[in-house]
Each structure stands twice: as structure tokens, then as C-alpha cells.
Amino acid sequence: MSSEMLPAVSGTSNDEKNQDLSEDQEENQKPGLGERFEPISKRQMKKLMKQKQWEEQRELRKQKRKEKRKRKQLERQCQLESNSDGSDRKRIRRDVVHSTLRLIIDCSFDSLMVLKDIKKLHKQIQRCYAENRRALHPVQFYLTSHGGQLKKNMDENDKGWVNWKDIHIKPEHYSEFIKKEDLIYLTSDSPNVLKELDESKAYIIGGLVDHNHHKGLTYKQASDHGIDHAQLPLGDFVKMNSRKVLAVNHVFEIILEYLETRDWQEAFFTILPQRKGAVPTDKGCESSSHDKKLAQVEDGLNSDSSEEENSTNLLDSPHEEEKQDKENSTEPTVNSIPH
């Protein structure tokens, strides 16, 4: 072999070596059998499924928000068109009809909450105030037993609260200035189901963000004070896949919506978050009515308990399952509404 061929052979050999090295590197970068087929735990699988479901419902949530905004815009537009003197904003406020119904947020549970939950309650109260100010039928809004951590947090983070209008903020307990016969405590543990709102009454919402650590506390307080009590008729109109738990502002807004529409079902579906998976009771029960009848025969359970046992728990987000195991809810709540 001539010496002229040696460089070519050498070059070819180097190319082959480089190719072998690159293949080895690729092979090393590939996961091994153990890594490639690493099993996924049931908890991780549930998280993935809930993440997928959350993403699939994104458009539904967006559409519901759009529909609510459009409805409010149409209402304002109709009010504007009915005005003829040019002072639109003033005329809109004149069209508001104030309700005589008194709605109280009882803040006497201050010592039972940590600072994080106090801040959440503060935000819920802010939402209630804002919604009542823009409502067509605003209620007589009361904050009672106002003090302690809540007042301190409001002083530090929301100094403008002292200038709030159309709200009665009192350090006294509601029983000190409202007659006992006028009071009705809204609590999910009450056996009484609210059918209508009596605008001569004062309805109390417990201002307690406790993540379900103090079950039955508001009902016990109402019973101890000899105060009438009732729960919202959620189970009569709505079937939810999540826990029957509502935040303070949700209860407040549902009452405002009912005063406007006089329709409980419309009030519930307008206010309840999409993540609750709420459906009308007649539609929600069709698919499982046969199973429920069998369960009633076998277990001797009534319809309400059967529905509760057969409902699936759709959490607020894919990361909620671990928190629910600790009996914590990401949505601060006080009023759990049984089925």
C-alpha cells in the first residue's frame, strides 16, 4: 500500500471513532430500564387527572365569567337608556332600591383563627362590601364584634375602611342592639331549610375561617343563645361534586342575588365557582338515580345521605388532595351546606 493512501485511511478511522463516541454518549443519556418504567403512585395519578380536568374546564369558567359581565353590562345599558336628563350615574343610584333586610357578619370568632385566616376573612369582607355597594338591592350590612386581630389587620392593610359607606361596623355583639326574635343564624348544621327571605329579619353569617376545624360551632352558638337558625336551600336546587362548603362572601353574594332575582337556583348558579362542579338537582341525579334506589334498599339510607355518599369530590385545584387529607380547604369557608 502506498504512503499516499495512509492519510485517507487515518481520516476514516477518526470518523468512525467519533461516531462511536457520540453513540455511546446518546446511549448513556437514555434512561435505564428502571428509570424508563418508573411506576407512578396513585396520588400522582390523581393529581395528573385533576390537572387535566382543571385545564379542560378553563374555558367553561371563562365563559361563565363573560356571561355574568355581559348580563351586568346589559342591565346598566338598560338603565342608561331609560334616563333622559343626561345625569346617568346619579340616575342609576336612584334606581337602587335598598332592602330592609339586615345581613350581619359575626366577627366574634377572632381568637379561634390564626393571622393567615384573619387576612382571608378580611378579603372576604372587602368583597362583601364591594358587592353590596354595587347591588341593585343592597342590604343593611353589619360587622359586629369588630376588634382584635381583624381590626388590627384592617388598620395596617386597609386604612380606608374607616371611610366605608352604607355599613355598620360595631365592636358590640349583635345581641346587644338587635332583638332576639329578629335574628336568624345561617348555619349548615341547622335542620331548618330557608325557603324565603324575610326582609324584616336580621340574618347572621359566621365570620369564621377555620378550615372545618370547628364543626357545628355556629349552630351551637345559635342554640345556646336561643336564636332561630336555618341553612340555605342549596340541596334543593344544586348538586355539587365538591364538598358543600361556601365562603363568607359566597353566602353574602347569594343573598344579594336572590333579592334581585327571587330565584334560588339562579342565585346559586350565578355565584357558585365553576370548580364546585354544580349542576341542577334534576339533571345531576338522572345518571345515578337507579344506583341510589338500590343503595336505599340495601342500606336503609334516605335520599340525602345516599347522594352524599355517591358524590365525587372535585377539589379546587390539582394540589388540593393533600391538603384535604389534613382537613384543610384552599377556599376559606364557614358555611358548609349539607346535601
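Any Cβ shown, glycine's included, is placed from N, Cα and C.
Features of the protein shown, as given by TrEMBL:
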- 1-89: region 'Disordered' (REGION)
- 27-41: compositional bias 'Basic and acidic residues' (COMPBIAS)
- 61-73: compositional bias 'Basic residues' (COMPBIAS)
- 88-279: domain 'SAM-dependent MTase TRM10-type' (DOMAIN)
- 277-339: region 'Disordered' (REGION)
- 283-296: compositional bias 'Basic and acidic residues' (COMPBIAS)
- 317-329: compositional bias 'Basic and acidic residues' (COMPBIAS)
- 330-339: compositional bias 'Polar residues' (COMPBIAS)
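Broken down with DSSP, the compositional bias 'Basic residues' (61-73) shows 13 helix, 0 strand, 0 coil. Across the domain 'SAM-dependent MTase TRM10-type' (88-279), the model assigns an average pLDDT of 89.
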